[in-house]
């Protein structure tokens, strides 16, 4: 279940938004200024923030600035009055992801929240962490945290490794891997898979977080934490 932080000093509007989100099975934390919002961030896991611009103690801009400077990358939906539209350039510069203009339409608010959460989830899924090894699907890199080393991996080798490690212990036939990774390429042969596996094994031979297991007569599977020294 996702948890949403609502920062809105208009108590009536705050209650309306929070009630709607709870009806849609979200966990909700309601606060009334930016400082209270920061306090919640320090003690709770939050998946998405809905914040007004004009709030006492710390306004939406100040809250957003501190949030991003502190390294938080979760999605932020900003609520603004029509008279504040010109100042949205500052909000986007600070890292806001989307905005809504008052008066709010709750169904539109809900749709935007759901879209932002889907986008954030996709970005998370672009990375796979196995022990001290991180695979970044977007960058085609493998990061070895223990050695602070980032390795750029050729596309097909990366896709094969990502496929096997994202579903450990699941057996994939050579034909399945060939069709998914090599697609409609001409003159493709199952031996391409074997050669690719060999290169990946050689490249990460010293890695103790995973290994690729050969299933005789079928194909391959990934295994986590094989404990090689």
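Backbone N, Cα and C define each Cβ position, glycine as well.
Along the domain 'Response regulatory' (3-117), the predicted structure has mean pLDDT 91. What TrEMBL lists as domain 'Response regulatory' is 3-117.
Taken from TrEMBL, the feature 4-aspartylphosphate applies to 52. A C-beta separation below 8 Å, combined with a sequence spacing of at least six in one chain, links residue 52 (4-aspartylphosphate) to 7, 8, 9, 10, 60, 78, 79, 80.
Here TrEMBL flags 125-224 as DNA-binding region.
What TrEMBL lists as domain 'OmpR/PhoB-type' is 125-224.
Remark: secondary structure over the domain 'Response regulatory' (3-117) totals 58 helix, 24 strand, 33 coil, with classes taken from DSSP.
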